[in-house]
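Below is one structure, written out as structure tokens, with a few remarks after it.
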Amino acid sequence: KFCEKPSGTWSGVCGNSGACKDQCIRLEGAKHGSCNYKPPAHRCICYYEC
């Protein structure tokens, strides 16, 4: 099971899930990452093991 947390290093709207994933894994130690719609915009969300 994964817990999601907004990226602490991504700024602005997320338009590239691949780049978001790479940044979550490389810079934040996450297992995965993707762009998710969190009103009011798409954000880079990192996923960690709970």
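Quick reminder: no glycine exception, Cβ is built from N, Cα and C everywhere.
Mapped onto three states, the DSSP output places CYS3 (disulfide bond) in strand. According to Swiss-Prot, the feature disulfide bond maps to CYS3-CYS50 (among others).
The disulfide bond feature in Swiss-Prot is assigned to CYS14-CYS35 (among others); the stated evidence is similarity to another entry. Residues within less than 8 Å, Cβ to Cβ, of CYS14 (disulfide bond) and separated from it by at least 6 positions along the same chain comprise CYS20, CYS35, ASN36, ALA41, HIS42, ARG43, CYS44, ILE45.
Taken from Swiss-Prot, the feature disulfide bond covers CYS20-CYS44 (among others), and the record attributes it to similarity to another entry. Counting every protein chain shown, the Cβ of CYS44 (disulfide bond) has 27 other Cβ atoms within 10 Å.
According to its DSSP assignment, CYS24 (disulfide bond) is helical. In this view, CYS24 (disulfide bond) is surrounded by 25 other Cβ atoms within 10 Å of its Cβ, with every protein chain counted. Positions annotated as disulfide bond by Swiss-Prot, on the basis of similarity to another entry: CYS24-CYS46 (among others).
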*Hey, which of the disulfide-bonded residues CYS3, CYS20, CYS35, CYS46, CYS50 is the loneliest by Cβ count within 10 Å?*
CYS50
*Determine, from DSSP, whether CYS50 (disulfide bond) sits in helix, strand or coil.*
coil
*Report, in whole Å, the straight Cα-to-Cα distance of CYS50 (disulfide bond) from CYS24 (disulfide bond).*
16
*In whole Å, how far is CYS46 (disulfide bond) from CYS3 (disulfide bond) when you measure between their Cα atoms?*
8
